[in-house]
Amino acid sequence: MSAKDIKFGSEARNLMLDGVNMLANAVKVTLGPKGRNVVLDKSFGGPTITKDGVSVAQEITLEGKFENMGAQMVKEVASKTNDIAGDGTTTATVLAQALVIEGVKSVAAGMNPMDLKRGIDKATETAVNALREFSQPCNDTKAIAQVGTISANSDISVGDIIADAMEKVGQAGVITVEEGSGFENELDVVEGMQFDRGYLSPYFVNNQESMTANLETPFVLLHDGKISNIRDLLPTLEAVQKSGKALLIIAEDIDGEALATLVVNNMRGIVKVAAVKAPGFGDRRKAILEDIAVLTGGMVISEEVGLSLEKVTEEHLGTAKRIEIGKENTVIVDGAGKKVDIDGRIAQIKAQIETTTSDYDKEKLLERLAKLSGGVAVIKVGAATEVEMKEKKGRVDDALHATRAAVEEGVVPGGGVALVRVIKALDGLTGDNHDQNIGIDIAKRAMEAPLRQIVTNGGGEASVILNEVAKGKDNYGYNAATEKYGDMLKMGILDPTKVVRAALQHAASISGLMITTEAMITDTPQDTPATAAAPDMGGMGGMM
């Protein structure tokens, strides 16, 4: 076992603080509308240029083991905030640095670290409650676009395209971000439920131009087993023929005589029919079939529930306004399922998402949720170069997460103003002793740090502008982009409440751990001996 290097007390905390400052100073230059770029060197390809705080933080590993521990702990603040809120990483880093600097100073001055931590925790809890009261709902398209614009570093086109996507697929719908092939951002929207299974035979195609089978107001038969015998389907086909409607069959597989008979019936115009395989495998296939059943108002024909194909009646079939079947995809538009049943199914899937621990399962559940919620939107990011593409895609991802957070918990004035307003809620707050009161004061001063940094990055005088903003009320603040004061919400400068809350909570949590650190242990660096030179191979001088 290798020897350990141990540091105690103020020496340990100061080394850790050096690491915190190195990481935070690199990250905080990106904050605000006039934030600066950071260039990241990559082991292959060209360098990456970014204004995303978490991307900068993730690149940093320091040479000194003790300093690196401090840097990694602040990196954790950025990562956790990003995981929960999808944005606010730079704000969280700035808050953590301010809390740690003041906390370490106070411990060096003889304060009790545990009481300082209790004071910071007490102030944070009160501030979070005040933020929630200060929050305003974010439901209209304009507000969503403004949040997206701010998060994408004041790129209006990004805010607009995200608001457009949310309007088309709903706030619960799935929006994905992909690399596009052009110079401009594009939005692709797939209405209804789409799954990745196409027609089982090209003879079902009725639109030769698009090579698709289009069914208007069809019945939908769902079966969780294989269909090989046409006799099983005869009662259903007869009922559908009498109604004069089309039929889509979704089953685990349809082959042999059954598929051949369906093709012949369709080509002769006896019954307009198409067949596709059910998407997914195993239990996931059953779950998706149930989703389609709920969406179309039908039932899954299964031996498990005591239903066989021969006993199927019109009541067991689902319906939809339109179904389009391509070679590889099927889209069900406007299923006839009852809204209360669909909402119940959505709530059930949301509950499963909350409890699952597997990232893969969560991803698949989110896909199902999107399909039931009414569509999928794909934002295709356009750029001139690969370097610009990576940077732009990162910003669009951030903006998308921020808008989701805004819809979830509402918005507060941006530009660091919300945290300055929250300080007033802490004015009457006192701890159990003097040291806890110092902890509360540390938290108050730290809450000024984001606004100070935004102003500093914009080239302004932080103290003067902070005093002016502090004199104001409610949404009154400073727009660093235009260098003007006014109502932040009217100027379109908003922050999602969830982002500000998560940044403050995580910064307070990690800084509390750092302030109460009394010892640090790391491996002693090993001096690796130089490799010995190869021995002289005497007697082999004649070799060339």
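One-based numbering along the chain as shown.
Cβ coordinates are placed from backbone N, Cα and C, and glycine is handled just like the others.
Here is what Swiss-Prot records for this protein:
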BINDING   30-33, Lys51, 87-91, Gly415, 479-481, Asp495  ATP binding site
COMPBIAS  525-537  compositional bias 'Low complexity'
REGION    525-544  region 'Disordered'
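Locations of recorded Swiss-Prot features on the structure.
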residue	record	DSSP class
Thr30	ATP binding site	coil
Lys51	ATP binding site	coil
Gly88	ATP binding site	coil
Gly415	ATP binding site	coil
Ala480	ATP binding site	coil
Asp495	ATP binding site	strand
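Among the binding-site residues Gly32, Lys51, Gly88, Gly415, Ala480, the residue whose Cβ has the fewest other Cβ atoms within 10 Å is Lys51.
When the binding-site residues Thr30, Thr90 are compared by the number of other C-beta atoms lying within 10 angstroms of their own C-beta, Thr30 comes out lowest.
Counting every protein chain shown, the Cβ of Asp495 (ATP binding site) has 30 other Cβ atoms within 10 Å.
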